[in-house]
């Protein structure tokens, strides 16, 4: 082998020498070993400029399968982009030094082999321009507009989730379809939940701008269908379309924050997003009632149209160019579809969709029908298929990669979010019923009575977002939140018809503080553990768990409430017609029940609602315990790494790394100008 390294680009040399010559090639063709002994690539007849190729290099010296280890995506004619991905504990110690050498993007002119391994280092002009491309964020008006185009659709999505609650009676009167009441909300929530992880994976393969643009258009079409609906099936179809777009918007809003601000500022913005979510969750029913009373129910959906159109214009005009840092954007379409894991996605969607339909039916009926039993079996079988498939599929092709989910910080946060939102939504839903049925308040007044709860959530979320960069750990806030959540849920359990206003405000506020301190658990894995390229997948996973907790909570709580209420109302000495009226709408007992029977009926309602509060307390205690499982890892470890990007980049000197005794490691030293042999390294 010649000692002199070629001056041609690495990508071009690979294309000329190997891409047309078969599926397996040696690596030592340029005068020095390149990490392992062999590169395995697909057989290709020709490669046009700009075509992306993934090279899987098996770590032969560690005797690992080729699916583990190095993956070097090379985009010809544009860039060189190396990714290090491994699930093997044997080479995990090599990860950080390897990233220093390979996890870089170099723009034009090409980084040649002589620049990487030869006598001269990278030129300052080239390297500084490459670093600036990674660390430049929009500022001023452009930054504000970029955040605005992500925030406004996010507000629409959260409002659409609850705005329909107060207009359901009007929809029933309009379409004459009382049997479709449950689907007016579920049709939106079903696609929103089941498509969340799929959109999370999509944002790691397609550019954020166009995927968010596509999702916003789907939401816009769904809103127009709802606003112009002339029948119940048409309205349900519009809700389902809007829910599909909402799944892409929630994931996209988080990714927009990532491209608009450096990592150290994202915590504040994401905390503000939690505040917006809490405020919109409560104000949705109020806004729906105001729109229906003053302008007509259709304007609750026409309102989305100008907001969506304005966001589309901002996206097209101000969205910054996205770097090809991880080279996934340039993959062929068929390769992207394969990485979406169609088998796993279909199995997960089938499982979740069947489960949601069964729970929706269970919440409104005494017994499960034969159809519901079949769907329950389908849900369980599909979940087993999904788990089996994800276990054996290649890690880079999995919908939920094992290397992400097996991290303790990830699965513990997912478990905590599932339990948190199960309790959070349970208390929002049944506190509202408590205020309307037991206290005799209107729908709008009950929403106002929930303000201490929501204010507590919002304040605690903002405090957490502001304080975490200084404390450097999420865990103290999770610990405090778990205590407040559990104690507040315990106090809510003692609510009755004589509870004073001061007690309601204090206990709701304590409960809200607990939820708020725990709310940012969906951000913790990204800030303490995962690389930027995995953020979209992690966001999809955490949002899935949050929505799944909400989806399961309301039907289960409703089933508990209905069964207790039916059994105890039947035991009261009142007329059958009055019993039927109470069961049909418990919120109207103050206007339906005579005064001599009101006390007994209110007592039954309190005992029924307490059963749902007990379910919320169990969720709060379980959530508090799961918060203790989150890894104690400092947030600033990544913030400090980002700060290092401001320094002039240096070519690192990678020393041999010990894996375990009896394995041979390659001695790698960047900067050598001549060929060096493979030297065994025996750990001390």
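Each residue's number is its place along the chain shown, starting with 1.
Quick reminder: no glycine exception, Cβ is built from N, Cα and C everywhere.
As annotated by TrEMBL, transmembrane segment applies to 143-169 (among others). Beyond the transmembrane segment (143-169), the same-chain residues lying 6 or more positions past its ends with a Cβ under 8 Å from any Cβ of the stretch are 137, 181, 184-185, 188-189, 192, 212, 216, 219, 223, 239, 242, 246, 249-250, 252-253, 256-257, 259-261, 269, 273, 276-277, 280-289, 291-292, 297, 300, 304, 307-308, 310-311, 314-315, 318-320, 443.
Residues or ranges marked as domain 'Major facilitator superfamily (MFS) profile' by TrEMBL: 146-588.
Annotation source TrEMBL lists transmembrane segment at 181-199 (among others). Sequence-distant neighbours of the transmembrane segment (181-199) (same chain, 6+ residues past either end, Cβ-Cβ under 8 Å): 160-161, 164-165, 168, 171-172, 211, 215, 235-237, 239-240, 242-244, 246-248, 250-252, 340, 345, 348-349, 352-353, 356-357, 360, 363-364, 399-400, 537, 540-541, 543-544, 547-548, 550-551.
Residues or ranges marked as transmembrane segment in TrEMBL: 211-230 (among others).
Within the chain, the transmembrane segment (236-256) has long-range Cβ neighbours (under 8 A, six or more residues past its boundaries) at 146-147, 149-151, 153-154, 156-157, 160-161, 164, 180, 183-185, 187-193, 195-196, 198-200, 202-203, 208, 211-212, 214-227, 229, 270, 273, 301, 535-536, 539-540, 543. For 236-256 (among others), the entry in TrEMBL reads transmembrane segment.
Here TrEMBL flags 268-287 (among others) as transmembrane segment.
Summarising the annotation, TrEMBL assigns transmembrane segment to 299-319 (among others). Cβ atoms under 8 Å from those of the transmembrane segment (299-319) belong to residues 138, 142, 145-146, 148-149, 152-153, 155-156, 160, 163-164, 167, 208-209, 212-213, 216-217, 219-220, 223-224, 226-227, 238, 287-288, 291-292 of the same chain, restricted to positions at least 6 beyond its ends.
Within the chain, the transmembrane segment (340-362) has long-range Cβ neighbours (under 8 A, six or more residues past its boundaries) at 182, 186, 189-190, 193-195, 197-198, 201-202, 205, 368-369, 372, 375-376, 378-380, 382-383, 385-386, 389-390, 393, 397-400, 548, 551-552, 555-556, 559. Annotation source TrEMBL lists transmembrane segment at 340-362 (among others).
Annotation source TrEMBL lists transmembrane segment at 414-435 (among others). Sequence-distant contacts of the transmembrane segment (414-435), counting only residues of its own chain at least 6 positions beyond either end whose CB sits under 8 Å from a CB of the stretch, comprise 281-282, 285, 405, 441, 443, 445-447, 449-450, 453, 457, 478, 485, 489, 492, 495, 508, 511, 515, 518-519, 521-522, 541-542, 545-550, 552-554, 557, 561, 586-587, 606, 609, 612-613, 615-617, 619-620, 622-623, 626-627, 629-630.
The annotation transmembrane segment is assigned in TrEMBL to 447-470 (among others).
Residues or ranges marked as transmembrane segment in TrEMBL: 477-495 (among others).
Here TrEMBL flags 510-530 (among others) as transmembrane segment.
Cβ atoms under 8 Å from those of the transmembrane segment (537-561) belong to residues 189, 192-193, 196-201, 203-204, 250-251, 254-255, 352, 355-356, 359-360, 362-364, 400-401, 404-405, 410, 413-415, 417-426, 429-430, 433, 521-522, 525-526, 530, 608-609, 611-612, 615-616, 619 of the same chain, restricted to positions at least 6 beyond its ends. Annotated transmembrane segment per TrEMBL: 537-561 (among others), in sequence order.
Same-chain neighbours of the transmembrane segment (477-495): 416, 420, 423, 427, 431, 434, 460, 464, 467-468, 471, 503-504, 506-508, 510-518, 520-521, 606, 609-610, 613-614, 616-617, 619-621, 623-625, 627-628, 630, counting only residues six or more beyond its ends whose CB sits under 8 Å from a CB of the stretch.
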